[in-house]
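Scroll down for the structure; my scribbles are underneath it.
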Amino acid sequence: MNRGMKPINELISPDTKHYSFTEPFQTELGATLPSVEVAYRTWGTLNEARDNVILICHALTGSADADQWWGGLFGEGCGFDATRDFIICSNVLGSCYGTTGPLSPNPATGRHYGPDFPLITIRDMVHVERHLLRHLGIERVKLVVGASLGGMQVLEWGALYPEVALALMPMGISGRHSAWCIAQSEAQRQAIMADALWKDGWYEEDAPPARGLGAARMMAMCTYRSFRNFEEKFGRQRQEDGTFKAVSYMHHQGGRLVERFDANTYITLTRAMDMHDLGRGRSGYEEAVCAMTQPVEILSIDSDVLYPKSEQQELACLLPNSKILYLDEPYGHDAFLIDVERVSRMVRDFLQAISRKG
């Protein structure tokens, strides 16, 4: 297993921009962050009317570099067309790709936050994104789009800022995190904490809990794909050294994440995902979802074992102005990252439909 995360400048684009809050930020649960810095990327040009904005929300281990992890959606005539639209993607609060999170310095102690970084919610992430848009002079977003953790943000954008988020496209997600997903995340967190190098979250920069984080990623990958996908891709095939190809793939994925992600960050963000519930603190789940009247297209993945299509169907039944689209692929939850041609077409078609309605 690799020893740890590469330097941040090797992991994010040199085109990354940064915005620093001028005042402290109070989280939904009452903690105060004295300062917040947001890393973000933009593509295209903001038009004179400032109404050609698309906001992309990234998933758990993603970054603001949407043109890298969702590159197949970028290009003229594609879902994200920088000749037509002004496209924004920011790294979420609590992450490790330039936005304030556990790796950031804590002004109160002079060292990084580590496990002292406060418990945050999806709503906190969205509020931070709203701050960024205000800084950019943007008051309307014609489409907010994202999958998984990104899809949670999309839905909260619709609930928190309906006057800004004019249309929504959540993918591979539910309106509230299920017990199944919460249990999966807790098992992954416990794998990290079981590593001898965890040290209650105060691990050394050059000696992180790499085995634990790698194991957590392996566990997650089993839920990001599907039975059929693993059988078709690996079956019982072996490498030349006799190792099952499925085993080799797991170790490869675990090692790759260790090189580019932080353990405290993984715990922070998965806990935020566990808090996801559109009805929490509102008038109730059904009432909160029914109150979202924007045009919504929900992308459901037939083979998703994390967020089964019954959850997207429930959302579609409650959202008054929604439509559900299906990716009938064997790839599992990660299909939104794999079948980019179809996903791009779906995004493009939704944008055209929004434009026609005016």
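Backbone N, Cα and C atoms are what each Cβ position is placed from, and that goes for glycine too.
Residues annotated as domain 'AB hydrolase-1' in Swiss-Prot: 52-337. When pLDDT values are averaged over the domain 'AB hydrolase-1' (52-337), the model yields 98.
Annotated active site, nucleophile per Swiss-Prot: SER148, in sequence order, evidence recorded as sequence analysis. The C-beta environment of SER148 (active site, nucleophile), restricted to residues of the same chain at least 6 apart in sequence and closer than 8 Å, consists of ALA59, LEU60, MET171, GLY172, ILE173, LEU306, TYR307, HIS333, PHE336.
The substrate binding site feature in Swiss-Prot is assigned to ARG217, ASP334. DSSP assigns ASP334 (substrate binding site) to a helix.
When other Cβ atoms within 10 Å of the Cβ of ASP304 (active site) are tallied across all protein chains shown, the result is 27. DSSP assigns ASP304 (active site) to coil in the three-state reduction, outside any helix or strand. Residues or ranges marked as active site by Swiss-Prot on the basis of sequence analysis: ASP304 (among others).
Swiss-Prot lists HIS333 (among others) with the feature active site, giving sequence analysis as the kind of evidence. The local packing around HIS333 (active site), expressed as other Cβ atoms within 10 Å of its Cβ over all shown chains, amounts to 24.
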Give me the Cα-Cα distance between ARG217 (substrate binding site) and ASP304 (active site), rounded to a whole Å.
17
Between the Cα atoms of ASP334 (substrate binding site) and ASP304 (active site), find the distance and write it as a whole number of Å.
8
